[in-house]
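Features of the protein shown, as given by Swiss-Prot:
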- LYS79: active site, charge relay system (ACT_SITE)
- SER154: active site, charge relay system (ACT_SITE)
- SER178: active site, acyl-ester intermediate (ACT_SITE)
Amino acid sequence: MDLFQLTAHQLHQLLTKKEISALDITEAVYNRIEQVEDKVKSYLTLTREQAEIKARQVDQKIAAGESIGPLAGIPIAIKDNMCTQGIRTTCASKILYNFVPPYSATSVEKVYTADMVMVGKTNMDEFAMGSSTENSGFHLTHNPWDLDRVPGGSSGGSAAAVAAGEAIISLGSDTGGSIRQPAALCGVVGMKPTYGSVSRYGLVAYASSLDQIGPFTRDVTDMAHVLNVICGHDPMDSTSANLKQTDYTQFLTNDIKGMKIGVPREYMADGIDPQVREKIKAAIQKLTELGAHVEETSMPHTDYAMPAYYLIATAEASSNLARYDGVRYGLRVEEARDLVDMFMRSRSQGFGDEVKRRIMLGTYSLSAGYYDAYYLKALKVRTLIKQDFDRAFEKYDALLSPTSPTTAFKIGEMVNDPIQMYLQDVCTIPVNLAGIPAISLPCGLANNLPVGLQLMGKAFDEGTLLRIAYTLEQNTEYTRLRPEI
C-alpha cells in the first residue's frame with residue numbers, strides 16, 4: 001500500500017524500524033497532493049519547504065539514535081482558522097486574504113513540539129460558518145468519495161485531505177458539528193473534545209463558548225495519539241481546564257462488555273435518511289453482540305437545540321467579528337469617503353453572504369428590545385439541554401446517534417436554502433451547547449457514500465468514547481475503506 005494511505009501508527013512502526021524516512025512520508029503525501037489536489041481542492045496554502053525541513057530534522061534525530069514520539073514525522077494539515085506564525089491564515093475569507101499572524105495557536109505549537117510535519121492550511125467555510133465548505137471565499141472543496149458532492153463543513157478541507165491521502169492527520173474546529181459532520185461525510189474519524197480540554201488560544205473565534213479544536217484521523221488509535229499531543233491546560237486560554245494529563249491510548253482495550261449505551265429517540269426521528277438509519281441500526285447490533293447493553297432513551301429538549309444554537313452562536317459571532325473593520329489588519333477598501341464609509345465598504349466587500357447573514361441575526365438578537373426574548377431565552381434553553389445530558393449520563397456510559405441525517409449531498413443542492421443546510425447539524429449541535437465530547441466514526445457505506453456514527457460522552461470522558469469506538473472499529477472494516485479518486 002502507498003505510504004499516503006497508511007495510518008500514523010503504521011508509519012511510526014516503519015520509521016522506527018528505519019524501513020522508511022520521515023522525508024519519504026512527506027514526499028509521498030506531496031506527490032499525492034500533486035495527483036489529486038486539482039480534483040479535491042482541500043488546501044488554501046501549502047508549506048512544502050517548511051515541511052521538508054521538519055522531516056529532515058526528524059530523520060536526523062532517528063539517525064542520531066534519539067527516541068522519537070509516536071507522531072514524529074507524520075504529515076498534518078491545519079484548518080485555516082488556526083494562527084500559524086509567518087504563514088497566511090485567512091479563515092477562507094476575503095477580509096483576511098493577506099493576514100500573516102505574528103504567532104502560532106497553542107495547538108499548532110504542540111503539533112510542532114511533537115515533531116509533526118505541517119503540510120499546509122486547509123479550506124473551510126468562511127469563519128467556520130457552514131456545513132458544506134461552499135461558503136469559502138476562495139474555492140469549493142470536493143468530497144473524495146464523489147467529486148460532485150460536498151465534503152461537509154465547516155472543516156471540509158481538513159476532512160477531505162485525510163480521506164484523499166493528502167494528509168495523514170488534520171486539525172479542525174467544531175462549533176456546531178464542524179469536525180464530526182465532515183468526518184462522517186468523508187469516511188474518517190473526527191472528534192470534538194470536551195470544551196476546555198484543548199486550548200483555543202490562536203483559534204480565530206466564531207462563537208467563543210462553543211468553539212473547540214479537534215482532530216481528523218484514519219482510525220481511533222491515531223485519534224488517541226493526537227489527543228495526547230493537543231489536550232492539556234494552557235494559561236493563555238482563560239477557558240482552558242486545568243486537568244492532569246491523560247494517556248488516551250490506555251482506553252484502546254477492545255472490550256465493552258457490560259457498558260450501557262443510550263440511543264435518544266429524538267436523534268433517530270423522521271429527518272434521518274432511511275439508509276443512514278439502517279447503518280446505525282447495524283452498528284447498534286454489532287455493539288450488542290460485543291457485549292454492550294444498548295437501549296432507547298429520550299432527550300426531551302433536543303428540538304430546541306437548533307434555534308438556541310443559532311441565537312447564541314450568531315450573537316457571539318456578531319461580537320467577535322466586529323474586529324474586522326479594515327483598520328488593523330486584513331482587507332481595507334481605499335476609495336472610501338470617510339472612516340465610517342471605510343468600515344462599511346471593507347466589511348460588505350470582505351465578508352461573504354453567510355457571514356453577513358449570521359452577523360445580522362446575532363446583532364438583531366442582542367439588540368435592546370429583543371435581548372430577553374431571544375438571547376436570554378436561548379441561554380436558558382442551553383441549560384435545559386445540558387440537564388438532559390446530565391440525566392442521561394447518570395444511567396449511560398455513552399449516547400449514540402447518527403452524526404449527520406444524510407450522506408454527502410450534491411454541490412449546490414442546498415446553497416439557496418439556509419434552513420435545510422442548518423438542519424445538517426441537527427444531531428451535532430446539542431453536544432456543543434452542553435460542552436461535552438463526541439466522536440464520529442465510519443459505520444458503512446450507503447450508495448458508496450460514507451455514513452457516520454456519533455458517540456457522545458460525559459465531560460472530560462473522552463476515554464470511554466475511544467474505548468467504544470476502538471472496539472467497534474476493531475470488529476468491522478469501516479475505517480479501512482478508502483475512496484478511489
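Note that the numbers count up from 1, one per residue, in the order the chain is shown.
Any Cβ shown, glycine's included, is placed from N, Cα and C.
Note that the coordinates shown come from a computational prediction; the quantities given were computed from them, not determined experimentally.
All features noted in Swiss-Prot, drawn onto the structure.
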residue: LYS79; record: active site, charge relay system; CB count, 10 Å: 32
residue: SER154; record: active site, charge relay system; CB count, 10 Å: 35
residue: SER178; record: active site, acyl-ester intermediate; CB count, 10 Å: 37
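A separation of roughly 10 Å, to the nearest angstrom, links the Cα atoms of SER154 (active site, charge relay system) and LYS79 (active site, charge relay system).
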